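K.L.:
Sharing the record's features from TrEMBL:
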type     : residues         : note
DOMAIN   : 20-198           : domain 'Aminopeptidase N-like N-terminal'
BINDING  : H305, H309, E328 : Zn(2+) binding site
ACT_SITE : E306             : active site, proton acceptor
SITE     : Y390             : site 'Transition state stabilizer'
Amino acid sequence: MADSPAQFRGQARLPRFAAPLRYDLRLRPDLAACTFTGAAAIAVAVSAPTRFLVFNAAELNVDRASVRFQDLVPSEVVQFGEDEILVLGFDRELPIGEGVLTMDFTGTLNDQMRGFYRSKYVYNGESRNMAVTQFEAADARRCFPCWDDPAFKAKFKLTLEVPSNLVALSNMPVVKETVTGPIKTVHYEESPLMSTYLVAIVVGVFDYIEGSTSEGTKVRVYTQVGKTSQGKFALDVGVKSLDLYKDYFATPYPLPKLDMIAIPDFAAGAMENYGLVTYRETALLYDELLSSASNKQQVAITVAHELAHQWFGNLVTMEWWTHLWLNEGFASWVSYLAVESLFPEWNNWTQFLDETTSGLRLDALAESHPIEVEINHASEIDAIFDSISYDKGASVIRMLQSYLGAERFQKALASYIKKYAYSNAKTEDLWAVLEEESGEPVKDLMTTWTKQQGYPVIYAKINGDDLELEQAQFLSDGSSGTGMWIVPITSCCGSYDTQKKFLLKEKTDKMHIKEFTASQSCDGKKNIWIKLNIDQTGFYRVKYDDELAAGLVNAIKAKKLSLMDKIGIVEDSYALSVARKQTLTSLLRLLNAYHDESDYTVLSHVTSVCLSISKISVDATPDLNKDIKQLLINLLLPAAIKLGWDPKDGESHLDVMLRSLLLIALVKLGHNETVKEGVRRFHIFFEDRKASLLPPDTRKAAYLAVMRTVSTSNRSGYDVLLKIYRETAEPQEKSRVLGSLSSSPDKDIVLEALNFMFTDEVRNQDSYYILGGISLEGREVAWTWLKKNWDHVLNTWKSSSLISDFINSIVSPFTSEEKAAEVSEFFASRMKPSFERALKQSLERVRISAKWIESIRSEPSLGQTVQELLQGQA
């Protein structure tokens, strides 16, 4: 065993006795047959005595007769499929030092949106294939044999043989091209040191537009033929972001060019390949006439995120996937910094709280995971590309930056990038640099946030002249975990002029607030308000005692609080209500204080809480549901009436987004006038697509309104939406329609929408739009459908993020223990690592809802409070 190829099975990582220095790769894709052939010459450094070479290969046929290391022919060539490795055994020990490994291989351009795959597009009215790569996390091995681990950085020299009429792109610029009849051979410059997951190739028919940075770096956006005008916005953001990051990281952009390209079939949102960033079309293309304001914002954030990776991720790369959050959390955080600087009027840092909220919601599950996860096998990596790595990661970085101060933080980051350029770093390496530059206990502080899952809720209560604080791990199921954190506490009293900050290191502590309150008129306790976690920079929740909570409600009504603090209070209150730490009654009273709010960023959180309450009340208090909905409608209506359906000259970007947000919420809450108006406008729009009655921003609300009125006996609205879907070439318009189709209250229509996903008309990457729109009335039918079609779903949607969408969307909306048991039973014999985490999290959500319902039913004064608030609104 010790001296056989089998000794390398079941290892998390490849052995270190040999490492690649340089790859010389020649690839020839056949776009008609969907296959490719390749030849590799890899310079390998052997650093310890061995007679084996072990590297990754998956779904490749390596021609055994072609394998050589220098002049040695291996006596054993063994492929271990489940480990995705190829082991070469030689008759004698390999010479220490550098040698060249050569081999020929063939593979398939697959349909799984990973590795080397094909995407379909229409050109001149006919369907064509393009060849695309997506190697993150561990799929370079599906394109060429390699050491597919981020720590094995090497240089890459690519040569592609492709049809001479096609565009062929890779990470580096073209050195030379030779055409022989129908085939051209394209040679690319050698890349700097980089990880395999960042290698990229795209072959197809494209147009491009081009710009350049202040340093003269060429930046291009490639689109399908005829769509370059939709790439202008992304090009502009891209050029400006590169200039901004060059200054922020105090390091020039590392490559000679940057290309960004829109790919029709793409599993993720985008991928930061070095010098050739790939995007799904909705994340790169923006059309003034056809795209919504929120789409414009999405493009800006995505471009800024991917370009941040060119430094943080590509130039300095995580040592192993355990540190994925460093890549993703950091790029998410810094993309807001960039977009805030380019579009200050978007109020981007306040919108950042969407990310924090999403991180807090997932991390309150017992089935969450720490930011840093031990990865023991390549098959586990995909499951951690989630809200913890991205949103919690970004939020704890914001917390640290806010604690250290922006300037110290930026200087330290620049040092970190310089120190680890072209190599790999672990989380601890970043803490060490930050600690050295700032003199603060960064490692101790941050380890509590990255090595353990979850976060605390801080209980705050006034006792005489002291504010007493206690931390406990917050869990949505109402239990208390055992976690303990070092928490950067910030606070203010009565105004933002005097602020205090300190580190809460123990379970309990207190702040003396006499001198704090003396400067305010709040010493008389009449209009005292104390806000902890100013502007929500900390990743924790706060539960105030009744006196403090009442003070904050008054402060909201008196417009004393910042937008971020208003958001924090409503989000914390909602989470505490779900966890049964406060009543739904008190949450409704709090929401009522927001009745004359008109800011998009605040109302986006208020509406999301309103919709959650509306959904839970359907199951918890069916007799009160109508009144609760009316209460929530009355809360949102004033702002909606003020904005109306029609855009106004010179209105702000945020107001455009607010109109869409409120109309969609009112339709979902069943507000009759809004539904009627949406249907009316929809019919006029359908007769004349140029009609100005339904610009892109309000279309989704109208589509949902139409679907609320659709049933089997009155299905014209559904058919008309399908017609719009079939006639449009715009990915954003397609996604709007797909997101509406399953929202009908009619179960048969929901079923029809789900089956539509199985047709060739819907790209696999877009299934989640339909899944995300399923009406409450359609829950049961969707679950029956999933059970019936499970094997088909599993075989068609191979990527774990896509398969997880099916489970999250269909299982999470249920609210009973019985349903949780039924779902568990169904999956008991069907479990796979790719969706195990998603299933456990979804089941936990179902059980949390069941407990919340029980607690709502036992609230004595809920009905009375709802009536009282309704009368107060009248």
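Quick reminder: no glycine exception, Cβ is built from N, Cα and C everywhere.
Automatic, uncurated: that is what TrEMBL annotation is.
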K.L.:
For the recorded Zn(2+) site, enumerate neighbouring residues of the same chain (Cβ within 8 Å of the Cβ centroid of H305, H309, E328, site residues themselves excluded), in sequence order.
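P.N.:
Apart from the listed residues, the neighbours are E272, E306, A308, F312, G313, N327, F330, A331, S332, S335, Y390.
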K.L.:
In whole Å, note down how far the CA of Y390 (site 'Transition state stabilizer') lies from the CA of H309 (Zn(2+) binding site).
P.N.:
13
K.L.:
Within the domain 'Aminopeptidase N-like N-terminal' (20-198), what mean pLDDT does the predicted structure show?
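P.N.:
Here the predicted model's pLDDT, averaged over the domain 'Aminopeptidase N-like N-terminal' (20-198), is 96.
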K.L.:
A 10 Å Cβ contact count, applied to the recorded positions E306, E328: which residue has the minimum?
P.N.:
E328
K.L.:
By a simple count, how many Cβ atoms lie within 10 Å of the Cβ of Y390 (site 'Transition state stabilizer'), its own Cβ left out?
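P.N.:
24, counting other Cβ atoms within 10 Å of Y390 (site 'Transition state stabilizer').
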K.L.:
Roughly how many Å separate the Cα of H305 (Zn(2+) binding site) from that of Y390 (site 'Transition state stabilizer'), to the nearest whole number?
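P.N.:
Roughly 11 Å, rounded to the nearest whole number.
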K.L.:
Could you round the CA separation between the residue listed as 'active site, proton acceptor' and Y390 (site 'Transition state stabilizer') to a whole angstrom and send it over?
P.N.:
13
K.L.:
What is the interatomic distance between the Cα atoms of Y390 (site 'Transition state stabilizer') and E328 (Zn(2+) binding site), given in whole Å?
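P.N.:
Just about 5 Å between their Cα atoms.
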K.L.:
Just how many other Cβ atoms lie inside 10 Å of the Cβ on H305 (Zn(2+) binding site)?
P.N.:
27
K.L.:
If you count Cβ atoms within 10 Å of the Cβ of H309 (Zn(2+) binding site), leaving out that atom itself, what do you get?
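P.N.:
Its Cβ has 25 other Cβ atoms within 10 Å.
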